[in-house]
Amino acid sequence: MLPTTSVSPRSPDNGILSPREAARHTAGAKRYKYLRRLFHFKQMDFEFALWQMLYLFTSPQKVYRNFHYRKQTKDQWARDDPAFLVLLSIWLCVSTVGFGFVLDMSFFETFKLLLWVVFIDCVGVGLLIATLMWFVSNKYMVKRQGKDYDVEWGYTFDVHLNAFYPLLVILHFIQLFFINHVILSGWFIGYFVGNTIWLIAIGYYIYITFLGYSALPFLKNTVILLYPFAALALLYVLSLALGWNFTEKLCLFYKYRVR
């Protein structure tokens with residue numbers, strides 16, 4: 001079971017928030033608190049973040065059950081502790097250095113690749129996906145409109161980070177051990193192993209994203225988030241039939257980036 005922290009009740013005995021309490025629950029106040037804690041490592045719960053990372057592989061449903069607990073105790077779905085983001089950034093740095101080593105990049109080239117991966121691939125793409133999902137879910141997936149039936153933007157970004165972490169570990173860490181001697185061998189076994197790794201990684205991303213939105217009780221038709229599995233399976237079969245090697249394309253793209 002995921003560890004939790006005790007918090008004070010979110011409202012007075014009459015169930016109505018005072019003006020001061022209401023101000024503390026605004027989106028701006030939550031964002032300010034999150035960013036402020038980003039520079040205070042002693043206030044972050046890294047042990048809990050590590051537990052979440054483990055459960056994202058073994059039992060991701062438990063992670064989203066904790067989001068339910070946070071909503072009940074702190075009146076927000078999104079994380080208020082940036083520890084997960086910090087640990088994810090460390091994982092990105094370590095795995096990107098590993099990619100630089102495997103691809104025989106110089107120190108400067110590896111540093112440029114690191115900037116691209118952190119600020120574009122993770123944060124930049126994450127902001128776009130979170131904003132798109134925030135708009136789509138609030139516009140088309142909410143059962144009924146109301147302030148209590150609103151998908152927080154911060155939560156959509158958390159869902160992206162949750163789904164991105166397993167993808168990162170699979171593509172940027174596990175795959176490293178197979179690139180030079182297996183995946184880039186030029187044989188069928190090479191692109192079979194590489195493309196299968198991509199299938200598993202993207203499949204994880206789709207599934208954990210689905211779990212994130214299906215965990216919100218006020219959303220409908222969340223099963224449509226599983227539909228990309230059909231396109232993913234078709235693309236996988238086509239890639240094997242036509243000899244496409246996704247990892248080879250990724251390596252060429254990374255080398256092109258750091259020129």
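Each residue, glycine too, has its Cβ placed from N, Cα and C.
Database features (Swiss-Prot):
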type     : residues : note
TOPO_DOM : 1-82     : topological domain 'Cytoplasmic'
TOPO_DOM : 104-112  : topological domain 'Lumenal'
TOPO_DOM : 134-158  : topological domain 'Cytoplasmic'
TOPO_DOM : 203-222  : topological domain 'Cytoplasmic'
TOPO_DOM : 244-259  : topological domain 'Lumenal'
TRANSMEM : 83-103   : transmembrane segment
TRANSMEM : 113-133  : transmembrane segment
TRANSMEM : 159-179  : transmembrane segment
TRANSMEM : 182-202  : transmembrane segment
TRANSMEM : 223-243  : transmembrane segment
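For the topological domain 'Lumenal' (104-112), same-chain residues at least 6 beyond its ends with a Cβ under 8 Å from one of its own Cβ atoms are 96-97, 255, 257-258. Residue counts of the topological domain 'Lumenal' (244-259) by helix, strand and coil are 12 helix, 0 strand, 4 coil (DSSP-based).
Across the topological domain 'Lumenal' (104-112), DSSP assigns 6 helix, 0 strand, 3 coil. Confidence across the topological domain 'Cytoplasmic' (134-158), taken as the mean pLDDT and rounded to a whole number, stands at 89.
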